[in-house]
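*Asks:* Straight from Swiss-Prot, here's the annotation block:
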{"type": "BINDING", "residues": "79, 110", "note": "anthranilate 1 binding site"}
{"type": "BINDING", "residues": "79, 82-83, 87, 89-92, 107-115, 119", "note": "5-phospho-alpha-D-ribose 1-diphosphate binding site"}
{"type": "BINDING", "residues": "91, 225", "note": "Mg(2+) 1 binding site"}
{"type": "BINDING", "residues": "165", "note": "anthranilate 2 binding site"}
{"type": "BINDING", "residues": "224, 225", "note": "Mg(2+) 2 binding site"}
């Protein structure tokens with residue numbers, strides 16, 4: 001590890017083989033916490049390359065628990081988190097809309113890091129069991145077309161890295177990695193990041209991880225979702241090619257909404273917001289969910305444009321199908 005840390009201190013990139021070897025040693029308990037701290041900090045100061053991020057994701061995914069399922073078209077829409085926007089649980093709410101629209105949603109998430117309520121927190125408040133075993137989770141997915149995979153349980157190897165992350169207390173390559181190490185072989189993905197400078201490189205990593213189609217999105221003011229309070233930027237992976245795009249609310253036929261009016265609260269409060277959206281109660285929360293679900297339909301290829309995706313999201317919510325998906329998950333993942 002000393003040689004690797006020294007190399008990072010000299011701002012030199014690691015090869016894929018070097019990164020793979022280091023991560024294998026870390027996740028099998030052969031590296032000290034202080035060395036992991038130095039390693040994560042060194043990568044952050046140097047800047048993480050596509051090769052380093054891909055190698056990390058591949059090793060971590062290889063150590064994840066496997067979910068038995070015959071479904072081969074799964075999608076996820078989680079973000080990196082850590083944007084300090086204190087918004088409600090946007091992607092979690094949107095996941096039920098996407099599932100209601102016929103997409104097989106394997107929602108991967110964790111407890112809160114920088115907000116008051118992460119996806120695991122809000123779903124737990126809604127009665128979802130975070131601790132089912134892998135076989136049971138596979139059955140839930142087969143029966144309902146939606147499942148929540150609690151990252152802490154899916155990635156036992158994280159226990160070797162978490163103390164170092166907590167002692168650092170700042171975003172590292174691990175924050176960028178969470179959405180990339182889904183236990184299932186995802187076909188499509190909507191991934192949010194608070195770093196617009198990493199849109200294209202993250203899309204490259206998704207391509208390396210085998211995604212057929214994906215959108216990596218960064219909202220205004222570093223929101224790790226699409227937002228209605230300014231310009232949203234995104235990278236589209238389609239047909240093996242990556243392209244960069246952006247839009248204002250007016251470009252997609254939506255009204256501008258300030259960030260302040262989509263603030264969330266604790267898990268119980270965010271659960272109430274989620275329910276209100278799925279019950280089609282008009283609010284800034286509903287509009288923000290419609291936008292992100294619409295982008296999700298576009299990322300999946302279910303719609304040919306973001307505008308078409310938004311229209312589909314409104315239809316799915318108004319029909320009650322999205323709310324029905326929540327009730328199904330509450331019934332089967334309990």
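The backbone N, Cα and C atoms fix where each Cβ goes, glycine too.
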*Asks:* How would DSSP class residue 225 (Mg(2+) 1 binding site) in three states?
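*Replies:* Assignment for residue 225 (Mg(2+) 1 binding site) reads coil.
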*Asks:* List every residue in the same chain as residue 108 (5-phospho-alpha-D-ribose 1-diphosphate binding site), at least 6 positions away in sequence, whose Cβ is under 8 Å from its Cβ.
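*Replies:* Non-local contacts for residue 108 (5-phospho-alpha-D-ribose 1-diphosphate binding site): 76, 78, 149, 151, 154, 178, 179, 182, 183.
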*Asks:* Rounded to the nearest Å, what's the C-alpha distance separating residue 111 (5-phospho-alpha-D-ribose 1-diphosphate binding site) and residue 79 (anthranilate 1 binding site)? Just drop the number here, would you?
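*Replies:* Rounded to the nearest whole number, the Cα-Cα distance is 13 Å.
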*Asks:* Check residue 91 (5-phospho-alpha-D-ribose 1-diphosphate binding site) against DSSP and tell me helix, strand or coil, would you?
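*Replies:* Its secondary structure by DSSP: helix.
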*Asks:* Express the distance between the Cα positions of residue 91 (5-phospho-alpha-D-ribose 1-diphosphate binding site) and residue 224 (Mg(2+) 2 binding site) as a whole number of Å.
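*Replies:* Checking the Cα atoms of residue 91 (5-phospho-alpha-D-ribose 1-diphosphate binding site) and residue 224 (Mg(2+) 2 binding site) gives a distance of 10 Å.
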*Asks:* When the Cα-Cα distance from residue 225 (Mg(2+) 1 binding site) is computed for each of the binding-site residues 79, 87, 110, 165, which gives the smallest value?
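*Replies:* Closest by Cα distance to residue 225 (Mg(2+) 1 binding site) among the binding-site residues 79, 87, 110, 165: 79.
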*Asks:* By a 10 A CB contact count over all chains shown, which of the binding-site residues listed here is most packed: 87, 110?
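*Replies:* Max Cβ neighbours within 10 Å, all protein chains included: 87.
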*Asks:* According to DSSP, which kind of secondary structure is residue 111 (5-phospho-alpha-D-ribose 1-diphosphate binding site) found in, if we only use helix, strand and coil?
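*Replies:* Note: residue 111 (5-phospho-alpha-D-ribose 1-diphosphate binding site) is coil by DSSP, not helix or strand.
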*Asks:* How many neighbouring Cβ atoms, not counting its own, are there within 10 Å of the Cβ of residue 165 (anthranilate 2 binding site)?
*Replies:* 18
*Asks:* Measuring Cα to Cα, tell me the gap between the residue listed as 'anthranilate 2 binding site' and residue 110 (anthranilate 1 binding site) in whole angstrom.
*Replies:* 15
